[in-house]
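Student: This is the feature table in TrEMBL:
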- 2-134: domain 'Resolvase/invertase-type recombinase catalytic' (DOMAIN)
- SER10: active site, O-(5'-phospho-DNA)-serine intermediate (ACT_SITE)
Amino acid sequence: MAKIGYARVSTKDQNLDLQLEALKEVGCEKVFSEKKSGLRERPQLEAALAYLRPGDIFVVYKFDRIGRSLKDLLNIVSSIHERGIQIQSLKDNIDTSSTSGKLMMNIFASLAEFERDLIVERTTAGRKAALGKGKKFGRPKIKRHTKAKATASLYKNGMTIDEIQKQLGIKSKSSVYRFLRIDGIEPTRKPFVRKK
């Protein structure tokens, strides 16, 4: 059973010394630290999590050092617990090896679930209210006949299927062919040539 520490500061101007000293005082054998990690990338946190073994205690100065949000924190804590590793937060005074620490983590999990449910509830209510007022959702539809007319016009002016696709931003050649057929043109691979 080893104590492994993790320290992080958000900006280069901040100092890690306070966290590092506190982690050493509680007996951390190894400490991973990083300054100004990116929003998604936290290589030292990933290294610390990979280093942990079942029975170890993962020690952080404060929980906000490992999680960018409550959801992120709970995901990390859950994955650590599944591996048989305990977590200790020095400043938050939470130790998941104790009954009260487990209770606190369960409360956090319940709060995160409550927050998710509230967001879903508000989103659903907002959508219903907007639909009731006639609001339409999604990308505005371009009328097919408008796209078909533009496609036919370009084809009749000698553009190739590839050129039309690129010019009008049509995703597939089959759509170009379909638009031409809507306008009554049976396309070939060659540009349209008007018969004399």
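Cβ coordinates are placed from backbone N, Cα and C, and glycine is handled just like the others.
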Student: Where does SER10 (active site, O-(5'-phospho-DNA)-serine intermediate) sit in DSSP terms: helix, strand, or coil?
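Tutor: Coil, per DSSP.
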Student: In sequence order, which residues at least six apart in the same chain have a CB under 8 Å from the CB of SER10 (active site, O-(5'-phospho-DNA)-serine intermediate)?
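Tutor: For SER10 (active site, O-(5'-phospho-DNA)-serine intermediate), the qualifying residues are LYS36.
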Student: Where does the mean pLDDT land for the domain 'Resolvase/invertase-type recombinase catalytic' (2-134)?
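Tutor: Here the mean pLDDT over the domain 'Resolvase/invertase-type recombinase catalytic' (2-134) amounts to 87.
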Student: Can you tell me how the residues of the domain 'Resolvase/invertase-type recombinase catalytic' (2-134) break down into helix, strand and coil by DSSP?
Tutor: 68 helix, 23 strand, 42 coil
